[in-house]
Amino acid sequence: MTSKSSQARSPGTIDVHDDISLPPQSPQHGGESWDDFEMDFDEEEHELLGLNASEGEFSGPVPRPPERAESTVWDATFNFTNSIVGAGIIGLPYSFYQAGFISGVALLFALTYVVDWTVNLLIKDAKMAGTNSYQDLQCVVGDSPLDVHEFVLIRSKHPAYAVIVGDTLPLVLSHVVSPTNFLYPILSSRRVMITLCTLFVSLPLSLFRDVSALAKTSAVSLAAIVFIIVAVLVAGPGLPADQKGAAEAISVLRPGLFQAIGVISFAFVCHHNTFLIYGSLKKPTMDRFAVVTRLSTGLSLLSCLILACGGYLVFTNKTHANILNNFPPDHVLINIARVAFGANMFLTFPLECFVCREVIYNYVWAHPSAPDSISHLEVNNAVDTKTHVAITAGLSLSAMGIALATCDLGFLLELTGGFAATVLAYILPAACYIKLASGPTLSWKKAGPLACIAFGGIVMVLSTFLTISSLFEEGEKKQCVG
């Protein structure tokens, strides 16, 4: 490579330091190189990226964010954290019951670390490949069932959010309105409430084209999560003994370990939002995004750990898939928490709809094989309004239809987490790195990604098999009321 002293920077060359907060001894203050940054690259990756390793110059093409991007680091953190602590957080006490308390805590810490690592690895993969979407990475890796897993994950999250609304809002409103009131049959019906919330809350929010427009709703959603956690911690210990679980039921390891990994993976998988959040930053650099992921996964771990421990230690062997269902329907504080969580779900719903819609847009209009293919960065604004509204409405209404037909939240969390989330969170980022990095596949350099792929594959197969098997063994399906 040629150093800066021997070759002047070309007019189109971008210096990565322009957008990155430098360490105390930066190139301006002491000659620190790109390799001294947290997100460091080896020699071959420098070449793939078009970097001058000694000066940190980026001479290759850089996928630029659309002009509309306007998220600050904290805006992106709110959106990213909100995509993590969504429907899955309410099922984490149940995952501790499945895995055993000690195993559940260990899994939560371990999987948080792996998720943080693979999210940043995914951006590193994209930089090396010169891509900016999951679909382009799929083309780099080769034919894969990525679209299937991504679509299954997002489509399953949508009805899961709506199922939670059906579990919470009608239960609360039925205790607020008198049974003699003419509104009672409407407000106490889960199907009616799911329909109304979809049509008048989540669908209008989903019609936005810019994800940064949801930053304020994400902040409100996170505030609701904090209230729910506090409510569970305060209300749980005060319940009568017959409503709590047996203290001796606290266990170290239980047979549901792999299903628990599926539930935790469902809660923590946020990789399908990675490029959307990264592209929404005002200055989308790897260092800034690393800050976003550290803050998001750290806040999510803290929130999930507090709720999971606080819920499981009270109810132990009686823990439900939705921890709020462990409380009596007339508990005032928990009813407020139910309303808060129901609101959180339909404020989180649009963020998932953004990603699902982007998958469709990229596949139809920005796929390399598509005629007149356009850039992934421009496709969102290039789709005409009628098509945009039709696709968004189709996604929202189909999710509503699934939620109206089922109410088994535990099954949704386990199956979706085991089948789809493990592929997106553990297998794909590592597979892309192995494909792009130099050297033999079986080498120490690729040991971490290989282990991650093996882990994801084992969890996907066993978790999916055990979840489906348990459905047949139980012999009866959960019946929806209302």
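Just so it is clear, glycine is given a Cβ too, placed from its N, Cα and C backbone atoms.
For reference, TrEMBL has these:
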type	residues	note
COMPBIAS	1-10	compositional bias 'Polar residues'
DOMAIN	70-468	domain 'Amino acid transporter transmembrane'
REGION	1-39	region 'Disordered'
TRANSMEM	73-94	transmembrane segment
TRANSMEM	100-123	transmembrane segment
TRANSMEM	220-237	transmembrane segment
TRANSMEM	257-279	transmembrane segment
TRANSMEM	291-315	transmembrane segment
TRANSMEM	335-355	transmembrane segment
TRANSMEM	389-413	transmembrane segment
TRANSMEM	419-438	transmembrane segment
TRANSMEM	450-472	transmembrane segment
When each of 257-279, 291-315, 389-413 is checked against the transmembrane segment (73-94) for Cβ pairs under 8 Å, which one has the most? 291-315
Could you name the stretch, out of 220-237, 257-279, 389-413, with the greatest number of CB pairs under 8 A to the transmembrane segment (419-438)? 257-279
Between the transmembrane segment (291-315) and the transmembrane segment (100-123), are there three or more C-beta pairs closer than 8 Å, counting only pairs 6 or more apart along the chain? yes
Would you kindly check 100-123, 220-237, 335-355, 389-413 and say which stretch has the most C-beta pairs under 8 angstroms to the transmembrane segment (257-279)? 100-123
The answer for the transmembrane segment (100-123), taking Cβ pairs under 8 Å and residues 6+ beyond its ends, is 39, 92, 137, 250-254, 257, 260-261, 264-265, 268-271, 274, 278, 286, 289-290, 293-294, 297, 300-301, 304-305, 308-309, 312-313, 425-426, 428-430, 432-433, 449, 452, 455
If we skip the immediate neighbours and take only residues 6+ beyond the ends of the transmembrane segment (335-355), which ones have a Cβ under 8 Å from one of its Cβ atoms? 79, 82-83, 86-87, 90, 154, 157-158, 161-162, 164-165, 167-169, 171-172, 175, 197-198, 201-202, 205-206, 208, 211, 214, 217-218, 220-221, 224-225, 227-228, 231-232, 272-273, 276, 324, 329, 392, 395-396, 399
